[in-house]
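Have a look at the structure below, then the notes.
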Amino acid sequence: MRQLFWAMTQKLDAEPAPLETQLAERHSDQAYDKDGVMIRFVWDPFLNSSSLAQQLRLGPSTTPMPPTAILVIGGGLWQARYLQEHALSSFTMAMDNVTENIDGAWDPTHHPLEALQVVAPVQLPRYELLSEERRRTITPQRVEDMNSHLLRLAENRSLPVAWAFSAMLSEQPKAYDESGLHAIGDVADRMVDVLLNVRCNAKSIPAIRFPMNRTCCVRYPTPSWMTQLFLTASSASFVWFVLPARYLKNIAPFLSFMPPRKILTAISVLCIAVSYSYFADRTQLWMKNQKQFDVREFAMFGVLFMTIGLITIRRSKGASLPQKQSCLTEMRDEPFLSRDQTDEWKGWMQLIILAYHYTGASHMLPIYEVVRLLVAAYLFMTGFGHALFFRKKRDYSFRRVASVLCRLNLLSILLPYVMNTNYMAYYFAPLTSFWYLVVFWTMYIGHVRNNSLRFVTGKIFMSAAIVNTMIRTPRVLQNVFYVLEKCFALRWDVDEWRFRLALDSYIVYVGMVCGLVSVRLTQSQDIRGRNAFTELEMFIRRHFWRIRCVATALALVAPLIFIFVVRGAKDKVTYNSHMPYASAFPILSFVILRNSLRPLRNYYSMAFAWVGQVSLETFTLQFHIWLASDTKATLGIGIPSRWGGRGLDFLISSCIFLWMSRKVSLATQTVVAWIIEPDANNDGDDQDAKRVGLSIHRVKSKEDLSYAMRVVDTVKVGAVTSASDAMGWIAKGLRVRMMTLLILLWLLNLVSSMKASIYQEEQLM
């Protein structure tokens with residue numbers, strides 16, 4: 001208790017009391033007063049003094065003194081030390097008396113101005129530091145018996161016990177001072193934080209909205225109507241998914257409203273994942289642990305990832321030798337930046353970013369610099385991959401654009417409505433979507449002349465100039481976001497968006513140029529005749545090996561140039577100012593070195609590639625099912641230390657996170673394919689209808705609806721047919737489906753905006 005007193009005084013005064021003062025007055029009443037706030041320490045080790053009785057009866061209606069805000073009662077060790085065999089009976093009598101007078105039903109959400117009255121558990125000492133006499137009297141059994149009595153009072157009579165105090169000291173030898181009885185100052189300071197959170201956070205409960213980074217010791221807000229609707233629909237989709245076939249007979253006529261079972265399965269997976277995100281990060285079912293950066297923990301992540309990556313190195317399937325081919329035959333060579341290689345690249349970068357977020361390493365400038373480079377590398381691959389696709393496939397159809405944008409944004413659009421967050425919070429999806437559209441329009445305009453490398457390069461430079469002017473010119477983005485807010489009720493942070501775009505405003509174009517050059521240089525096998533190439537290209541082909549050696553040498557030097565450019569950065573702001581212009585050097589160096597030798601091109605890490613294939617889902621879902629409080633904390637299942645503690649907790653939550661990311665990735669692909677082309681996912685009659693012996697596409701008579709008539713006799717075949725016709729009309733055209741989805745999102749935004757305005761007005765009343 002004394003340590004809590006001094007920790008509380010330090011909250012009011014940055015200069016703590018001298019250690020001599022604390023020790024000299026340790027067995028006496030003490031008081032501290034500053035700016036009208038009084039903190040009192042009552043020395044009552046046996047919990048039977050008149051001061052305690054008086055304090056328990058204090059209240060705003062019985063005394064002219066200000067009401068007590070926080071009252072913490074603790075004892076037990078002195079009974080064990082001096083009363084020995086009578087320790088438990090004395091402690092039991094004292095605690096029963098306290099329980100009679102304490103308000104065990106205190107609720108900070110309903111009584112924010114009443115006193116918080118808490119009993120501290122009896123702390124188990126660190127026995128190796130105790131004297132022989134103390135070890136003999138303060139036995140573990142006596143401490144356990146006292147805490148067992150507190151537990152009974154907490155369960156039967158609602159006695160508020162701060163069990164978190166024991167958890168802070170449990171199996172933590174460094175948390176004790178040299179006496180072995182008391183917590184050190186830092187731990188006592190955290191105990192005070194818990195008390196202040198329980199007492200003071202009550203007033204901020206109504207205001208807790210996104211980002212929910214103040215969730216310690218408070219209640220979460222009631223789910224919005226949209227969240228409740230989604231959770232209800234998720235439950236219904238799950239029931240539909242597990243419903244046995246024999247029960248489908250009763251609803252067979254209505255199967256025409258439903259997508260095929262394959263699609264329903266994918267939708268159910270998405271619903272379950274989002275629902276799990278809500279219960280994990282928006283309720284108190286799971287623990288939220290504060291981030292505390294430890295360089296050793298970050299290094300352990302690096303060693304673990306490197307080990308897994310190295311032991312899963314395999315030859316690319318495309319580079320494998322055909323069956324019955326002689327080992328002397330030349331092995332097939334993988335192309336420049338093959339799919340396996342880019343998946344691997346995305347995978348190990350994603351793992352580093354996950355470790356960066358999990359350990360809270362954002363304040364470490366060297367680690368921040370590396371992570372910023374990794375994000376730039378992602379955008380480099382965005383420019384490279386999409387430019388490569390448009391150049392080779394020449395597919396500029398609306399179907400292709402809609403498919404890519406739906407794939408990128410489905411999960412990031414769904415989560416904000418359920419989690420009450422913001423689309424821009426999952427910044428990777430909007431960022432890659434923006435740059436995809438930039439690449440699309442750059443390649444689409446004048447695409448009939450894209451065979452000319454000079455023409456395409458000119459378009460790229462012009463696009464870079466226009467886009468960067470829009471990003472950096474004042475009021476341009478503000479006006480765009482103003483229109484979005486007024487017309488579509490989208491309230492996005494324009495400054496944050498400008499920051500994200502400006503950081504990597506050139507690296508996408510670097511990736512585009514690399515993609516187009518790689519296509520041009522690999523066309524020799526498809527184009528006949530020397531006239532198809534420019535003189536520069538012919539020169540490159542004749543001296544390719546010399547150029548490769550020079551490029552490799554430059555790739556070894558380029559990172560040094562980057563280090564030289566950014567070495568003067570003393571903070572993030574300075575480093576960020578260099579990023580748009582310097583990030584290309586290390587990224588191009590990595591690309592060249594990774595493809596400089598055939599073994600490097602033809603081998604990859606399967607583990608990294610697996611993570612790379614679900615990098616979009618891992619980045620988005622980490623916010624809620626691996627991290628917590630919108631990335632401000634880490635998620636914990638709450639496994640006790642005796643069963644594995646934090647290590648097992650981390651292992652289980654990580655397995656759930658990766659498994660769910662994989663399932664969501666597959667489900668997203670299935671749902672997007674269905675949205676883009678429903679007919680391709682509906683092979684004749686629905687499988688569920690087949691299983692019950694009724695075709696939903698050929699309703700011939702009322703007798704076919706006999707099962708449904710038992711439930712609702714007023715339902716007619718015409719109603720089913722009309723609804724089917726309406727659904728069929730929507731399914732006819734992709735543009736109609738996309739417009740329908742956009743209108744639905746627009747209506748949801750308007751309703752959500754009105755609800756939010758009403759909520760804010762209620763809080764101000």
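Glycine is no exception: its Cβ is also placed from the backbone N, Cα and C atoms.
Those TrEMBL annotations? Automatic predictions, nothing curated.
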191-208, 299-316, 353-370 - the one TrEMBL records as transmembrane segment: 299-316
Which listed span TrEMBL calls transmembrane segment, if the choices are 398-417, 578-597: 578-597
Maximum Cβ pairs under 8 Å to the transmembrane segment (578-597) - stretch from the list 263-279, 371-389, 425-446: 371-389
Integer average pLDDT (0 to 100) for the domain 'Cas1p 10 TM acyl transferase' (261-681): 88
